[in-house]
Amino acid sequence: MLRAGAPTAGSFRTEEVHTGTTIMAVEFDGGVVVGSDSRVSAGTAVVNRVFDKLSPLHQRIFCALSGSAADAQAIADMAAYQLELHGLELEEPPLVLAAANVVKNISYKYREDLLAHLIVAGWDQREGGQVYGTMGGMLIRQPFTIGGSGSSYIYGYVDAAYKPGMTPEECRRFTTNAITLAMNRDGSSGGVIYLVTITAAGVDHRVILGDELPRFYDE
């Protein structure tokens, strides 16, 4: 790929497609909120402006994708397949912790081959809402977590703005504000915001369009 001058036809063909991104998940009493931006890039080209990076692993378990788009989706697909079999064997929905362990094991096994970071979040009858980070094959439960290239811009904001005991609507607002701030500063994040709220009652999907995003001082 040329480093100077105007890009030529086909100059992006050898660039790996990345969900250079901002992903986030937050626990609340009775469920979780998972959110992401929607931009996918290959080199300096934006190849998809509205890609949904929130992938279902089971009925009430989702993962948020970042890293190489193909690698992240491959991990999600493998995990979803294993969890489907696991649920059939148990004759009940798998636990969120089990889903996180599946993702962790796949990520660690193929750590030399796959470039991806997945956040696993969901609800089950045993522990309620849960959020797990799985970067590099680790597994840690957190009240909230962020990931992707845009996350480096918002650590200070999320640390200051998070408070225990938030309502679902407060969690959605917290997630929307954080991802919007990251999108304003990270060239690899952008587009719309996808939000998924998972509770015992089911899964609620929302899309925050560009003209509906909150506005901040720098704009």
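Placed from the backbone N, Cα and C atoms, the Cβ positions cover glycine too.
The Cβ of THR21 (active site, nucleophile) has 33 other Cβ atoms within 10 Å, all protein chains considered. According to Swiss-Prot, the active site, nucleophile annotation covers THR21.
What Swiss-Prot records for LYS53 (among others) is N6-acetyllysine. In the three-state DSSP scheme, LYS53 (N6-acetyllysine) is classed as coil.
Annotated N6-acetyllysine per Swiss-Prot: LYS109 (among others), in sequence order. LYS109 (N6-acetyllysine) counts 12 other C-beta atoms within 10 Å of its own C-beta, drawing on all protein chains shown.
Each residue contributes its Cα atom, and for LYS109 (N6-acetyllysine) and THR21 (active site, nucleophile) these two points are 24 Å apart. Recorded residues LYS53 (N6-acetyllysine) and THR21 (active site, nucleophile) have their alpha carbons 9 Å apart, per Cα-Cα distance. Of all the Cβ atoms in the protein chains shown, 28 others lie within 10 Å of the Cβ of LYS53 (N6-acetyllysine).
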